[in-house]
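Q: Grabbed the feature section from TrEMBL, which reads as follows:
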{"type": "REGION", "residues": "1-31", "note": "region 'Disordered'"}
{"type": "REPEAT", "residues": "79-120", "note": "repeat 'WD'"}
{"type": "REPEAT", "residues": "122-163", "note": "repeat 'WD'"}
{"type": "REPEAT", "residues": "171-205", "note": "repeat 'WD'"}
{"type": "REPEAT", "residues": "254-294", "note": "repeat 'WD'"}
């Protein structure tokens, strides 16, 4: 079976045009030099997030959380405290707090200028924590797990304020809606949900997709959500734009990846004349999409 899968993957890599969306063409931009730095993790990097305009935070299979300078590649802080690999890292932009989730069923909070010990510990899930979202004011944390539950925590006290469970809701990703008490969630049950964080109740569920939803992100203006889909050989593998306003409907799809689209993100305004979205995939490609035209 493994040999057959390897041969099939080789064929898809050689004949990528077979699976492209109708009318699409692979565009290659100018080749530029890429600045490379010495590895800061001893194993695979599993998650990365922007902490400040010049700083990023990453988590890895080596169970460590690392804060680096984007420009120089210098390591500013290294936090070690989880018993198993890091699954997610997040932070409120321009804050001094970093949050991490792990396969050890816990989440932790670290202070950028504090000690190397975790500032807060959030235990309470029965399985690996796969979703992590912090409120814009960094006062509350939401976590999601493969145990089908979502939890809300008080960041200062570490107290679990509420917990909600939905059958077969294996959480894959969480993100907080800017300026609102709502959290967006992607799931292995192929749906995207909006949670009202005040009572931790589902406020809306978007029409289900055909494949597992692997990731989600919210636009800076809070008007749209983008989610990414699992898939293989061009089936599925898309990103989907959702309207978060009154219609709450699917706006368009971004098709062109050949394997699972593992991550999606709205890029900051000003990087291009029109709003743009970035996706990454198991097909070893990162693609930049015009949000409006697809």
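Cβ atoms here come from the backbone N, Cα and C positions, even for glycine.
TrEMBL: automatically predicted annotations, no manual curation.
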Q: Ranking 79-120, 122-163, 254-294 by Cβ pairs under 8 Å to the repeat 'WD' (171-205), which is first?
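A: Looking only at 79-120, 122-163, 254-294, the most contacts with the repeat 'WD' (171-205) come from 122-163.
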Q: Using DSSP, break the repeat 'WD' (79-120) down into helix, strand and coil residues and give each count.
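A: Breakdown, helix to coil: 0 helix, 19 strand, 23 coil.
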